[in-house]
Amino acid sequence: MKYSAPIRLNTLGAIASQHGVLVVIGMLLVVPMAFPLLPIIATYCAAIFVILLPLGRLQHVLATASSVAFAWLLTLRNPSKGLVEAGLGDDALHYMNAFYEFQQAYCCGPLDVLKTGIRSAGGGEPIFWFLSYSVAKLFDTPLLVWAVLIFISLMLAWIAIYRCSERFAYVVFVSYLSTITLYALQGSAIRQAVAAGLVMIALDLLIRRKLVSAAGVGLIAAGTHSSAAVVLLACAVVVLFLSRDYGMLARRSSGLGRVGRLIVLLALAAAGAVFGSAEFVMSKIQARLSESQTGSAWELQLAVEAVLACLFAWLLRIKLPREEKMAFLLFVVVCFSTSLFAPAVGARLFRYTYCFYIVYLCAFFFARQGESLGQKKTLASLLLLASFGWAIFIVSARYQGLFVSGGVIDHFLAGPFF
């Protein structure tokens, strides 16, 4: 005998009434634990829609929402439970102290801002500390200042990515959100996080042959974190001494090319005047040499990633200008050379290799005009799948503190439901 529709509905209602309490309890247990993961899940789901549909400028909304969500999630790590467990370093507390001093000071001159930054975090890069001071005057807690700086760094990266690859820009942006660089930089290396976003924009301008603009953005990046000056110098050496195109431009245009070269040289001279003082350089070198860092895990990772990047570029015939390839190879050589006498410096420079990878990946999608849209969608799907797997590995291996030990999940378990 078949059940009629009313009987079936009554049966479902009875089941719901008998187990309603269990259902509610289950929701109260699941929602607080699942909600912190929803922004991450939504980010990857949105990337799938970008692959399937041409969303165009709607990607700006998605990138902004993802940046806000990740900035919020990354600031929920609780340093009091242990810096290692929270996926942070000692500098995170130093930055918090500096932000707190900025918020407590009623008036603070430029020199006082720099002195506070040097005393708290050991770095006197003016652009970062002036930016932090401005943000600190707008918000009440150091945690909000930290979140805003994370948001700024992510949006800078998004600007560079979208300029290179409009169609699949959000997919590439999600790949950046899946790297170890994201979690490392947004914690105890927030200065370098902002500088990395500026470096990506400078690399994009270099690909477009806007050399003066690239030099200007590179100088701003160096004023945010001095390590970015190494990337700037590597690109400048390639452009000024190894570039055939720029040399031909200078010869063909009697006035314009020479003026452009002169502006670039003056910009480098200004960088040397600001960051090249003996006191500044020696303080940086002594600080880095005093750090005890053993092991060669990052060196092995750099070698493997560099070889895979070159192999990937050769197999897929990535069309990149000669200067970009030489700048990347020169920067890798500098990283390895620096690691011989100052491993801590090399480890910091290593983080910028992801700037090359991401911008070049965008240029790959942008430059391959002969490929069909289906092939590009396939490559974007593989990139998204690999990024998701890599993110799971990184979080489970090194950044569990983002979700446990006072992190996101514990934060919500202590919320309104419990």
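Any Cβ shown, glycine's included, is placed from N, Cα and C.
Since this is a predicted model, take the numbers as computed values, not measurements.
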_Per Swiss-Prot, the range holding transmembrane segment, considering 170-190, 191-211_ = 170-190
*Of the listed stretches 142-162, 170-190, 326-346, 347-367, 377-397, which one has the most C-beta pairs under 8 A with the transmembrane segment (45-65)?*
170-190
*Intrachain neighbours beyond the transmembrane segment (347-367), with Cβ under 8 angstroms and 6 or more residues off its ends*: 157, 160-161, 163-169, 172, 175-176, 179, 181, 184-185, 189, 192, 196, 199-200, 203-204, 207, 227-228, 230-231, 288, 293, 298, 301-302, 305-306, 309, 313, 316, 318-320, 324, 327-328, 331-332, 334-335, 338-339, 376, 379-380, 383
*Intrachain residues whose Cβ lies under 8 Å of the transmembrane segment (142-162), provided they are six or more past its termini*: 59-60, 63-64, 66-68, 70-72, 74-75, 95-97, 99-100, 102-103, 131-132, 135-136, 169, 172-173, 176-177, 185-186, 190, 193-194, 196-198, 200-201, 203-204, 358-359, 362
